[in-house]
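Asker: Per Swiss-Prot, the features are:
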- 1-27: region 'Disordered' (REGION)
- 12-21: compositional bias 'Basic and acidic residues' (COMPBIAS)
- 59-88: repeat 'ANK 2' (REPEAT)
- 125-154: repeat 'ANK 4' (REPEAT)
- 191-220: repeat 'ANK 6' (REPEAT)
- 263-293: repeat 'ANK 8' (REPEAT)
Amino acid sequence: MPGVANPGPSKSRRETADSSSRKKVHFSSIHDAVRAGDVKQLSDIVERGANLNEVDALHQFTPLHWAAHSGSLECLHWLLWSGADATQTTTRGWTAAHIAAIRGQDACLQALIINGANLATQDDRGCTPLHLAATHGHSFSLQIMLRSGVDPSVTDKREWKPVHYASFHGRLGCLQLLVKWGCGIEDVDYNGNLPVHLAAMEGHLHCLKFLLSRMNSATQALKAFNDNGENVLDLAQRFLKQNVVEFIQGAQYEGSHPDDHDDLAFPGHVAAFKGDLEVLKKLIGDGVINLNERDDNGSTPMHKAAGQGHIDCLQWLIEMGAESNITNKAGETPSDVAKRFAHLAAVKLLEGLQKYEIDDIESDKDHINFFTRHGVEGSTDAKDDLCLSESDKANARMRAHKKIVELRQLLEIAESNFKHLGGITEEDLKQKKEQLESKKTINELQGQLAYERLRREKLECQLDEYRVEVDQLKETLQKIQVTSVAAMEDDSCESSKEKRRVKKKVSPGGVFVRSYQRIRTSISSQV
């Protein structure tokens, strides 16, 4: 495939493109105009009769294929608006989505998905765009496709799934993303190879460690044989992968370094966090992770380096073309993270990349900063091959905004025409539905209110009856209390009289008896 290994234009080429003295080139073919990202000449060539789906003689690419290949996002938008066929394939069975996945053009891939591109289309080897993104280590492109609902466990003609491709090519970022989305790491291919077999035979130690840490039994995985009777150690020895051989023989997988488990998933982020520039360079240079790799929190290595104030790591990432406007799940850019941790040198370095001040942005399209770059521009997995100046990019944003205004006006006209013809719009239907629901709610509340009023009146009547009954009971109680008091007083008077009578009778008799006994006793003693 043309240009797959091309990492993008160099810094000097971009500086040349930004110079105001750049000469205007006139293109003779629609494919050249698309590769250069010149949407004006593309439009002119099509107006002169060029076919939107014209195939070039050398590579059998359509203009849409070339737009996805070079990252000509505006041209790709224009072609899709104009009706270009997104299902047309090359001689190898690649659609524009396949090429965007290979090149890591995630912005182009998003545009294709929005326009209905079929991500389940397989090429001549049975590979979908998902397989190709995993092969080339474009984890953000992979994530975009997974979020669109594509099957993460689709197989090619060799029964390889995306997880097999990521393991074989040592794409740790893609591998961990696929595992997170539920891809089976214990599935075998047509030769009985597990992903750990493929990682071992290619010497991808980071991927091997990660796979073993996520498998149900690492010991069983190392002992598992493929259809040729080879286990992980056999394959590593046959292909002379000494690092894997030493790892297995040293039994490091059995938990001798439990503190390193976080490093298995995001070693690049850990290196950036620690300021280990050499490890970071090696990981990115070897393709284990890409420059703008996201972790579970959406942070890139630049976020990690900015949070710790590692200026050397930040400078290297910037020189390599890392995107400084990516936001994590908290909505923070690397500059925001540096501010939060008060690393002023990092803040100054990162804010120097911005060509505008946030406070100066206005919603007025006539403002000078309205069409300047305000966020992530284009793809983040891989840089495009275009050499566009800042004015060209601003003009592209102006054209896109103009398209928005035109379509809004057309939509208003179309809605007005529809209403004039007796139709009803979705907005009107929604309003009527809301009105009906409001009316229904009001009626229900009014009925509830009437019921509560009747209930209140009934309760008030019962309350009046209870009050009358209480008054009657109070009167009866008072009468009973008065009668009982009078009776008690009469009883007390009678009892006191009876006591006095008994006292008078008993006292004299008792004295007489005692006197008689004393006299009798004295007579007896004398005798």
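Just so you know, glycine gets a Cβ as well, placed from its N, Cα and C.
Describe the structural context of each listed feature in the structure shown, including burial, neighbouring residues and relevant distances.
Answerer: Long-range neighbours of the repeat 'ANK 2' (59-88) within the same chain, counting only residues 6 or more positions beyond its ends whose Cβ lies under 8 Å from a Cβ of the stretch, are 1-3, 30-31, 33-39, 42-43, 46, 52-53, 94-97, 99-100, 103, 105, 107-109, 111-112, 115-118, 121, 378-379, 382-386, 396, 399-400.
Residues 4, 93, 95, 97-98, 100-106, 109-110, 113, 119, 160-163, 165-166, 169, 171, 173-175, 177-178, 181-184, 187, 287-290, 292-294, 379-382 of the same chain, all 6+ positions outside the repeat 'ANK 4' (125-154), place their C-beta atoms under 8 angstroms from a C-beta of that stretch.
Beyond the repeat 'ANK 6' (191-220), the same-chain residues lying 6 or more positions past its ends with a Cβ under 8 Å from any Cβ of the stretch are 163-164, 166-172, 175-176, 179, 185, 226-228, 230-233, 235-236, 238-239, 241, 243-244, 247-248, 253-254, 261, 264-265, 267, 283, 288.
DSSP labels the residues of the repeat 'ANK 8' (263-293) in these numbers: 20 helix, 0 strand, 11 coil.
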Asker: With DSSP, how much of the repeat 'ANK 4' (125-154) is helix, how much strand and how much coil, in residues?
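Answerer: Once the DSSP states are binned, the repeat 'ANK 4' (125-154) shows 17 helix, 0 strand, 13 coil.
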